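Feature annotations, reproduced from TrEMBL:
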BINDING   36, 37, 43, 44, 166  FAD binding site
BINDING   223, 278  D-dopa binding site
DOMAIN    5-324  domain 'FAD dependent oxidoreductase'
SIGNAL    1-19  signal peptide
């Protein structure tokens, strides 16, 4: 058969990474990214981009750890290269602090990040309201930079990018052999996934160049994440709220909470507010599905539903999605060679 044509629907970090992994795993494929929104207007542009895994109750821990490890390894290599400034990836050290010790004092990902250890008494004195903490070094992506870097990599390998709102995956069956659904929260409407729901996140981006270490409250709700240009202050987790309008009361609440962790933030300047809808479900949907209508078939691979943890596992899930695309293409090539017989 001719070069297989693959469409990736969605241009956030999951869609772009999946497209890149498909080009690496299947160089003979013709890959096109279709999305109604590209950076800087995606949910991924709002994300803090810290590699601290979120736990998916419906996904085995060893699978989540593998996804995180592959992602960390990939980004760590970029952080140690000349590409690091353009890709917006850097190492950052800091603390995760708890008012009470967590059930798991050593999380499943502790041996993937660098230098994981319990905080010392001296370090904890910086956080008088917290009784336990973990210190480690991890990676942070400045998301808009990273998305543009991914787009540049894709264009260099000949991937086409088109602004197009896909209303129904079946509409693509006459143009493409395989369709990959990386629509994020858009999959709620696109494939009618009732398990998928938004968790609204509001964050502040501030100018506070003196803040060098990350601080994350153990519940994951309040955090201070320094980037290359700006510091991200968060946040909120509002389930089933679809509004993208910033809420001034929430902005004040986030700022006050972050200042209680890092009082010097009172002097932060140039505050901008961002809102995104995290595509959440009990587990990432990462699977093959065959659509069929009137004797015609379309191979579909789903890769969405990463919730608050997309950046932490994006490369690992993209590699798995690319492997599933390879299976689809092998099946198509097998059926086309059988048809010739």
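Counting begins at 1 with the first residue displayed.
Any Cβ shown, glycine's included, is placed from N, Cα and C.
Keep in mind that TrEMBL annotations are predicted by a computer and have not been checked by a curator.
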Output the one of 166, 223 that, of all these binding-site residues, has the highest number of other Cβ atoms within 10 Å of its Cβ. 223
Do me a favour and check the Cα-Cα span between residue 166 (FAD binding site) and residue 278 (D-dopa binding site); whole Å is fine. 20
Sort out the sequence-distant neighbours of residue 278 (D-dopa binding site) for me: same chain, 6+ apart, CB within less than 8 Å of its CB, listed by position. 43, 185, 198, 199, 200, 201, 306, 307, 308, 310
Which value does the mean pLDDT take for the domain 'FAD dependent oxidoreductase' (5-324) in this predicted structure? 96
Find, for the listed binding-site residues 43, 44, the residue with the lowest Cβ contact count at a 10 Å cut-off, counting only other Cβ atoms. 43
Record-annotated FAD contacts 36, 37, 43, 44, 166; largest Cα to Cα distance in whole Å is 19
Give the distance between the Cα atoms of residue 44 (FAD binding site) and residue 223 (D-dopa binding site), rounded to the nearest whole Å. 18
In sequence order, which residues at least six apart in the same chain have a CB under 8 Å from the CB of residue 36 (FAD binding site)? 163, 164, 165, 166
